[in-house]
């Protein structure tokens, strides 16, 4: 079963039919002619497709008609006649005429043939017949001989294939046999489409729906159609599609033009176009401007005032209305120009306020009001000739009459013939005067009169009187002369006959179309001005007629050149931002203008290049961008009628930020703790704004933006922790760039050093080696240490990596005195506190006993020892409450059994203390020595442990005054008592 028989509904291509169509009968086999005894299956197809319970069939043959009802929608028939069908509630189908033939040769044809179908015709011989060599004929002309069992096929049937077809076969026994004749009428597959636009007259910016309407017959509702839309020969949208609709989202004034559509089958076997539809995009009219000429301040009664109303923009046609004191004066419809005017002869009543309106159907717009004040002189007189001059003949008596409609009396009338005074009459009672003139041939010419009441003479219009002479062939001239003229110029067309009686009727023609008709009454010439458009190109001629037969001029050809319009420059970049390295297309196009058009491209007023469009349209110019290409671009179109420059289009080329340079600016060298260092980061190139970030050892310090480009700075107050590697980063949204690493070393001034004296025993003796150790707790290396004895330099030593240094001294008696050290790392010198060293002259063994015999004097010294002991506990209390001796504060670097002498700042608490009890400043004799018990230098415990004896102080029971005279001798020795 064909696809069209299974459709759910029958619809036109652009929409459904208003009413359901009639049922359609289909045949199986599809032939309308068959041999007697064969059968044909009839199917009654209804739309929309359903399964009817029963179908009524109508049969008609030789004037008789019968009907029958069958279940379903099919029926098998074997009788010749016309068949129709009907379902419940449907209309009657079209008739199908079947022929069951007894002939020996039949021509079988399909029930219907449509445009584009493959038409199949079959010449069929009755089985058993002695026929051979079958030929098919169209309109009695042989087409092609057919082989046995072959069909005659016509691919892509067209209307030219219409006609009468039959078959002819030769009989072996005698003669030829001719089949039945079939009338083939190729039916239209679908009518020419109709293009409709909704709305039909869109306004600027509004959407428009285009619909291409046609329809398929029910038998071919399965055919797929494609639809194409065109404007001025250019395809719209993305080409042809199966949709009969096309939506234009926003119509612009330049979209005005001729539109049409095309419907075609998918195989393109049938294609039809719609009629052209002109769609005019309407633009609302602007406020009009009313001008009076001459200006209202100089108008006098009798003047002819020209009122002109003009709107600068708006779609044509525009209806202009002129008002005087809100009373309508004139209504003019302008179809070619956005202006209209009319002439108004002024009277005193015409004083007042004037304005005009412009309306193109999108809302009227009012002009500003213009005031007119009319002065009252005498009116223009009217000269009349009786009988009229056109019927005057020589010998007649002509009455010449001059009349002013208004004006103060008396009025002096003067009558003129070709500027020669004929008569002068003063009227005191009436505003008219006349006289009679017998006519001769010499009286042909122009007559006029003047009226003067003291406010200035007024002339009448000229009246021509002539003896009638046939007009000669006129001559048409165009001014300015030439075969070409630019669009927008005003061309003066002048037609002149060298002889002929006046008046002469001049007619001007363009391509046989009447342009203007002017009656010349004073001169044998006439002219008018024509504002030129492109449509005015062609042939012009004029005719002259004074009632005795028209005469025609020779034709003059004019070609109107259209000046180029202001072009539009379009910049087409590959992305939203124009980047360095991108290729930008500059496209310049003027919408109107006669080709060829030369286009020039400019960058900041400097020519980039030029290109010509020989056939009109636009041109393009490609530009590979660098940073210097930022600026203003424009283009120019020129077709020798004047160049037009486009509007300026700015282009900003975005430059990625370059690798920045980080600069550290310190107040001096080196950088010290407490200094303020300025970190300055700057990228030499890159489009602003640029965001700068500062890093210290990879950790962000902060960020700052440069809205106008350039660099930024970041201030840092230095501490020791600020030493390290610094860098910065520049980012303007096109990728961040990191500077090279800049190292910064913060120099810490050396702190006040601590001097430590390390002797091999509890007493410093001549010949001992004493180690002087100087150390600053803080300070950037290298540190140079200097040692001093009573202010005199002993030597120096450097600590390249920081820490302390030592100085060894082999003691003599001269080494007694005050010692100090100095630490210097280039940013200031720090001096330690003074440490006093007293050297005893004894050089014997430190392990010997002090002189014997102490027993005798021991009791005598008990009292002195008690006093000294009390003094010992009293003196440290006054010095700050420190304990007399604390072994735990001994230097961890001291050797066991080695006394250590310290001179340290007050903040060092747990140091051994030596108390000098010599009140008179003599040589130092130690009354108490804190002996540090031996301990392992590598011991983990930070605090020294005392021996079992809890008291570690040594009390000397014998003290001698140590004077310079006895410097080298030890006064006495005694065993210490614990």
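The backbone N, Cα and C atoms fix where each Cβ goes, and this holds for glycine too.
Summarising the annotation, TrEMBL assigns signal peptide to 1-15. Annotation comment: TrEMBL describes 23-97, 101-183, 193-271, 288-373, 381-466, 474-559, 567-654, 660-747, 753-838 as domain 'Ig-like'. The transmembrane segment annotation in TrEMBL covers 853-875.
Only sequence-distant pairs (6 or more apart) were considered; of these, fewer than three Cβ pairs between the domain 'Ig-like' (660-747) and the domain 'Ig-like' (474-559) are under 8 A, so the stretches are not in contact. Counting residues of the domain 'Ig-like' (193-271) by DSSP class, helix then strand then coil, yields 6 helix, 36 strand, 37 coil. Counting residues of the domain 'Ig-like' (753-838) by DSSP class, helix then strand then coil, yields 3 helix, 49 strand, 34 coil.
Secondary structure of the domain 'Ig-like' (474-559) per DSSP, as helix, strand and coil residue counts: 3 helix, 51 strand, 32 coil. For the domain 'Ig-like' (381-466), the predicted model reports an average pLDDT of 87.
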